[in-house]
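K.L.:
Shown below is the structure under consideration.
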Amino acid sequence: MSSNSSLLVAVQLCYANVNGSCVKIPFSPGSRVILYIVFGFGAVLAVFGNLLVMISILHFKQLHSPTNFLVASLACADFLVGVTVMPFSMVRTVESCWYFGRSFCTFHTCCDVAFCYSSLFHLCFISIDRYIAVTDPLVYPTKFTVSVSGICISVSWILPLMYSGAVFYTGVYDDGLEELSDALNCIGGCQTVVNQNWVLTDFLSFFIPTFIMIILYGNIFLVARRQAKKIENTGSKTESSSESYKARVARRERKAAKTLGVTVVAFMISWLPYSIDSLIDAFMGFITPACIYEICCWCAYYNSAMNPLIYALFYPWFRKAIKVIVTGQVLKNSSATMNLFSEHI
């Protein structure tokens, strides 16, 4: 009898004095501090890192190109993940409770899905852009213009927002799972149970663009390899100014494709565990332990913080732009026309 009483006392609730409250599964104080530091660092990096990317591309006129506008829009999606998703998911993960209300739970879930797909669509369009740039660099400026980039950006935002809003604000995502959804619907929880049809739709929506990107980047690197061999074979010969220009353009586009290819690979690695886990869960009766699910979620969230690090590692112009912004030189009238590129490509 005494052991049962102590067990009841040990149970903690998200809202101690509210009927129907979710059970709270607390971490130790030390673990909570570590988790808040790890997750908080990711959120801060996602917000300020992507903010630097957006400011750099929008402020410096030298960076105003169709590709970079897509990159800035991608950074905006990752920035919004850092603002609207990661801080609240951090509290939910560490405290094992949702303290922000049911309405905001729906909004949070909607943002989570919408910005994920927005990132995926942006990366898919960037892959197409890079494919054209590398395979036909001299014709590329006439094919992928600023207006085409604007259309791609619009599609990358409108479709995910419409899809996410339609699925989560109409409640169709849990059709056929009403009993399970009601059982999990306690006060202080924000668990979204998605049925097999929508999980399969989500998985295909992730897999098909990912497959397209793999094909495109595979072709990009095959073409880049052929171009590099061609340049190497003709390197000892005297080049005309026209051939020299073609070589410089091709080299620049290959370098950009390589960097953005790393971004695509990082996205795939980050989101693949979550996508596979969601698919398995829906068809195997939601068997994934909570800790595994949270790890998959945070691997995906951390992708929003990775892109600025990739740009800083591979793009000298981004490092220079950061220095100009952080030191306050960006406030000078002449900063917008500053040269961020080295003379040699």
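Note: Cβ is positioned from N, Cα and C throughout, glycine not excepted.
Straight from Swiss-Prot, here's the annotation block:
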- 1-32: topological domain 'Extracellular' (TOPO_DOM)
- N4: N-linked glycosylation site (CARBOHYD)
- N19: N-linked glycosylation site (CARBOHYD)
- C22-C186: disulfide bond (DISULFID)
- 33-53: transmembrane segment (TRANSMEM)
- 54-68: topological domain 'Cytoplasmic' (TOPO_DOM)
- 69-89: transmembrane segment (TRANSMEM)
- 90-107: topological domain 'Extracellular' (TOPO_DOM)
- C105-C190: disulfide bond (DISULFID)
- 108-128: transmembrane segment (TRANSMEM)
- 129-147: topological domain 'Cytoplasmic' (TOPO_DOM)
- 148-168: transmembrane segment (TRANSMEM)
- 169-202: topological domain 'Extracellular' (TOPO_DOM)
- 203-223: transmembrane segment (TRANSMEM)
- 224-259: topological domain 'Cytoplasmic' (TOPO_DOM)
- 260-276: transmembrane segment (TRANSMEM)
- 277-282: topological domain 'Extracellular' (TOPO_DOM)
- 283-302: transmembrane segment (TRANSMEM)
- 303-345: topological domain 'Cytoplasmic' (TOPO_DOM)
K.L.:
Near N19 (N-linked glycosylation site), which of the disulfide-bonded residues C105, C186, C190 can be found within 10 Å, Cα to Cα?
P.N.:
C186
K.L.:
Taking the transmembrane segment (33-53) as the first stretch and the transmembrane segment (108-128) as the second, find out whether 3 or more Cβ pairs fall under 8 Å, excluding pairs closer than 6 in sequence.
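P.N.:
No; fewer than 3 Cβ pairs under 8 Å.
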K.L.:
Do you know offhand how many angstrom separate C190 (disulfide bond) and C22 (disulfide bond) by C-alpha?
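P.N.:
That comes out at 10 Å between the alpha carbons.
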K.L.:
If you draw a 10 Å sphere on the Cβ of N19 (N-linked glycosylation site), how many other Cβ atoms land inside?
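P.N.:
8, counting other Cβ atoms within 10 Å of N19 (N-linked glycosylation site).
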K.L.:
So if I exclude everything within five residues of the ends of the topological domain 'Cytoplasmic' (54-68), which remaining residues of that chain have a CB under 8 angstroms from its CBs? That is, six or more out.
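P.N.:
Answer is 75-76, 79, 126, 129-130, 133, 144-146, 148-149, 256, 260, 317-318, 321-322, 325, 330, 335-341.
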K.L.:
On average, what pLDDT score does this prediction assign to the topological domain 'Cytoplasmic' (224-259)?
P.N.:
63
K.L.:
For the transmembrane segment (260-276), which stretch among 69-89, 148-168, 203-223 has the most Cβ pairs under 8 A?
P.N.:
203-223
K.L.:
Identify, in sequence order, the residues in the chain of C186 (disulfide bond) that are 6 or more apart from it along the sequence and have a CB within less than 8 Å of its CB; answer 'none' if there are none.
P.N.:
C14, G20, S21, C22, V23
K.L.:
If we skip the immediate neighbours and take only residues 6+ beyond the ends of the transmembrane segment (203-223), which ones have a Cβ under 8 Å from one of its Cβ atoms?
P.N.:
117, 120-121, 123-124, 127-128, 130-131, 134-135, 257, 261, 264, 268, 271, 275, 278-279
K.L.:
I want to check the contact list for C105 (disulfide bond): same chain, sequence separation of six or more, C-beta distance under 8 angstroms. What comes out?
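P.N.:
Result: W98, C190.
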K.L.:
Quick check: in three-state DSSP terms, what is C105 (disulfide bond)?
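P.N.:
For C105 (disulfide bond) - judged by DSSP and reduced to three states - the answer is helix.
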K.L.:
Just counting, how many other CB atoms are there within 10 A of the CB of C190 (disulfide bond)?
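P.N.:
If we count other Cβ atoms within 10 Å of C190 (disulfide bond), we arrive at 20.
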